[in-house]
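Working notes, beginning with the structure itself.
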Amino acid sequence: MRMPSAISIGVIAGLSVAASAVPSLQKNGTTCTVIPLGNGQDDVPNILSAVDECGQTSGGRVVLPAPYTYRINQRMTTHLTDSRLEIGGTLLFSDDIDYWVNNSYRVDFQNQSSAWRITGHDYVVDGGPRQGGVDGNGQLWYTWAKGGSNVFGRPMPVHVFESTRATLRNLAIRQPQFWAVLVDSSSHINLDNFYVNATNHDSSVSPEGEWVQNTDGIDTYRSDHITVTNWVYQGGDDAVAFKGNSTNIHVENVTVYGGPGIAFGSLGQYPDRTDIVENVTVRNVRVQPSFQRAMNSGVYFKSWIGVNYGVPPNGGGGGHGYVRNVSVENLRLKDVQLPVYIDTCLSYLFSENITQYCDTSTYEFEDLHFRNISGNGLATVTDYPGKNISFAVALLCSEKAPCTDLTFQDISITLPGNYTGKHVLCENAEAEGLPCNS
């Protein structure tokens with residue numbers, strides 16, 4: 001498997017001007033090939049026509065060949081059945097912020113939105129050997145949303161929605177506007193060999209470095225039997241995140257450069273919803289800092305406070321549910337601030353006195369198993385409501401819902417030689433194989 005360099009975002013280059021003698025939509029049997037119109041013209045109508053002609057026929061192919069760049073100037077739903085969408089080129093989203101804010105598809109979570117929905121069944125989306133894919137034109141969004149978290153209107157470029165038995169592979173997503181990929185209300189989806197890079201070049205956006213919030217690699221939501229393999233993520237936010245009602249998930253061979261790593265959450269934000277994350281395996285993950293951002297954690301779990309305080313996307317809480325039957329194996333750490341932790345006092349209303357609610361969550365974490373975790377932590381102070389924590393492992397569970405049946409085996413996390421504090425913190429947690437509070 002060949003991946004782009006982890007220290008360079010690369011250059012999205014491609015031909016956006018088509019020869020005038022070449023028709024923009026060519027059909028040969030059940031194969032439809034789209035050539036871009038060029039000159040900034042919208043290629044969505046021709047792509048959708050190709051999908052209608054060849055993407056809903058058994059064995060059909062829709063081909064967007066390299067090295068072309070296709071302008072995506074409007075929201076797009078590609079409904080595929082028993083067919084293939086081959087993206088050798090690059091889908092470049094337009095810079096019309098007003099259009100996207102007002103016209104993107106709405107997502108039933110944190111008032112979010114998406115620009116491209118992929119729906120259907122028994123389909124393949126393939127970027128080919130050169131890893132074609134998406135350029136989200138993200139920098140203009142990073143600058144536009146600076147100073148805010150979860151700013152309304154930033155659309156996700158790839159939204160797998162109401163799909164079954166599908167494979168997405170060999171895709172590169174550069175400069176996503178928001179989360180790069182959302183798998184939502186879908187089942188039996190395989191996502192293999194992805195490269196995601198979100199790099200901020202505007203120093204006024206983030207004083208911490210060349211990263212920006214809400215540029216996750218992939219999030220799962222209300223989905224079952226999802227496989228994520230052979231990913232490289234470089235950005236600064238969650239590489240992989242499991243949102244509510246993500247079940248039977250397998251993640252393997254993921255390399256992360258910068259950010260919080262693998263996230264279970266956030267969960268329990270909505271008081272009228274039950275969030276379940278169950279039967280999850282995370283295996284063979286490597287995490288280390290990037291030039292964009294430090295490596296905040298390797299794997300972490302986050303649930304909202306137990307009272308409904310404020311409104312989503314940055315406020316809320318009081319939701320119910322559980323994370324259960326989780327296995328994290330073969331996690332390699334390099335220069336990680338807080339390698340493993342559980343946080344049950346989540347809120348993004350940073351100016352409010354949230355600490356008073358830190359033991360109110362009834363969200364449950366149980367049957368979590370960690371094996372073969374090694375590398376080094378930095379023991380740098382990490383802010384947590386009401387305290388500063390600096391450990392290899394911190395299990396900060398709620399008094400109302402203690403964490404139970406947690407096991408740790410073959411854990412070897414070294415901290416700096418001049419560090420004299422505790423290595424492990426356990427609050428309201430039962431952890432076998434871990435020297436709690438030592």
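Quick reminder: no glycine exception, Cβ is built from N, Cα and C everywhere.
These numbers come from a predicted model, not from an experiment.
According to Swiss-Prot, the signal peptide annotation covers 1-21, on the basis of sequence analysis.
Taken from Swiss-Prot, the feature N-linked glycosylation site covers Asn28 (among others), and the record attributes it to sequence analysis. The Cβ of Asn28 (N-linked glycosylation site) lies under 8 Å from no Cβ of any same-chain residue at least six residues away in sequence.
Counted within 10 Å of its Cβ, the other Cβ atoms near Asn102 (N-linked glycosylation site) come to 10, all protein chains included. DSSP classifies Asn102 (N-linked glycosylation site) as helix under the three-state reduction. Annotated N-linked glycosylation site per Swiss-Prot: Asn102 (among others), in sequence order.
Taken from Swiss-Prot, the feature N-linked glycosylation site applies to Asn111 (among others). Asn111 (N-linked glycosylation site) is surrounded by 13 other CB atoms, counting those within 10 A of its CB over all protein chains shown. In three-state terms derived from DSSP, Asn111 (N-linked glycosylation site) belongs to neither a helical nor a strand segment and is classed as coil.
If you look up Swiss-Prot, you'll see 186-222 marked as repeat 'PbH1 1'. Here the repeat 'PbH1 1' (186-222) has long-range neighbours at 1, 3-4, 9-10, 109, 131, 138-139, 142-143, 145-146, 149-151, 154, 160-176, 178-180, 228-246, 249, 258-259, 291-294, meaning same-chain residues at least 6 beyond its ends whose C-beta is under 8 angstroms from one of its own.
Under the three-state DSSP scheme, Asn197 (N-linked glycosylation site) falls in the strand class. Marked as N-linked glycosylation site by Swiss-Prot on the basis of sequence analysis: Asn197 (among others).
Taking Cβ pairs closer than 8 Å, the repeat 'PbH1 2' (223-244) reaches residues 1, 3-4, 6, 9, 109, 183-199, 206, 209, 211-217, 250-267, 273-277, 280, 282, 287, 290, 292-293, 321 in its own chain, all 6 or more past its ends. According to Swiss-Prot, the feature repeat 'PbH1 2' maps to 223-244.
What Swiss-Prot lists as active site, proton donor is Asp237, and the listing cites similarity to another entry. In the three-state DSSP scheme, Asp237 (active site, proton donor) is classed as coil.
For the recorded site, Asn245 (N-linked glycosylation site), the DSSP three-state label reads coil. In sequence order, Tyr221, Arg222, Ser223, Asp275, Ile276, Val277 constitute the residues six or more apart from Asn245 (N-linked glycosylation site) in its chain with CB-CB distances below 8 Å. The N-linked glycosylation site annotation in Swiss-Prot covers Asn245 (among others), and the record cites sequence analysis as its basis.
Annotated repeat 'PbH1 3' per Swiss-Prot: 246-266, in sequence order.
Annotated N-linked glycosylation site per Swiss-Prot: Asn253 (among others), in sequence order, evidence recorded as sequence analysis. Taking a C-beta cut-off of under 8 angstroms and a sequence separation of 6 or more, Asn253 (N-linked glycosylation site) has the following same-chain neighbours: Thr229, Asn230, Trp231, Arg283, Asn284, Val285.
Within the chain carrying the repeat 'PbH1 4' (277-303), a Cβ under 8 angstroms from the stretch's Cβ atoms is held by residues 6-7, 199-200, 208-211, 234-236, 239-240, 242, 244-268, 319, 321-344, 346, 361, 363, 365, 368, 373, 375, 382, 398, all 6 or more beyond its ends. Positions annotated as repeat 'PbH1 4' by Swiss-Prot: 277-303.
Taken residue by residue with DSSP, Asn279 (N-linked glycosylation site) is part of a strand. What Swiss-Prot lists as N-linked glycosylation site is Asn279 (among others), and the listing cites sequence analysis.
Annotated repeat 'PbH1 5' per Swiss-Prot: 323-344, in sequence order. With a threshold of 8 Å between CB atoms, the same-chain residues lying at least 6 positions outside the repeat 'PbH1 5' (323-344) that come near it are 261-262, 264, 267, 276-289, 294-303, 305, 358, 361, 363-378, 380, 382, 384, 389-398, 401, 403, 413, 429.
With a 10 A radius on its CB, Asn325 (N-linked glycosylation site) counts 17 other CB atoms from all the protein chains. According to Swiss-Prot, the N-linked glycosylation site annotation covers Asn325 (among others), on the basis of sequence analysis.
The DSSP secondary structure for Asn353 (N-linked glycosylation site) is coil. All chains included, 10 other C-beta atoms sit within 10 angstroms of the C-beta of Asn353 (N-linked glycosylation site). The annotation N-linked glycosylation site is assigned in Swiss-Prot to Asn353 (among others).
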Spatial neighbours of Asn325 (N-linked glycosylation site), counting only the recorded positions Asp237, Asn279, Asn353, Asn418 and Cα distances within 10 Å: Asn279
Cβ-based isolation winner (fewest other Cβ atoms within 10 Å) among the glycosylation sites Asn197, Asn279, Asn372, Asn418: Asn418
Closest of Asn111, Asp237, Asn353, Asn372 to Asn418 (N-linked glycosylation site), Cα positions, recorded positions only: Asn372
Cβ neighbour count within 10 Å of Asp237 (active site, proton donor): 23
Under 8 Å by Cβ from Cys403 (disulfide bond), counting only residues of that chain that are 6 or more apart: Ile342, Glu364, Phe365, Glu366, Leu368, Leu395, Cys397, Asn428, Ala429, Glu430, Ala431
Model confidence over the repeat 'PbH1 2' (223-244), averaged pLDDT: 98
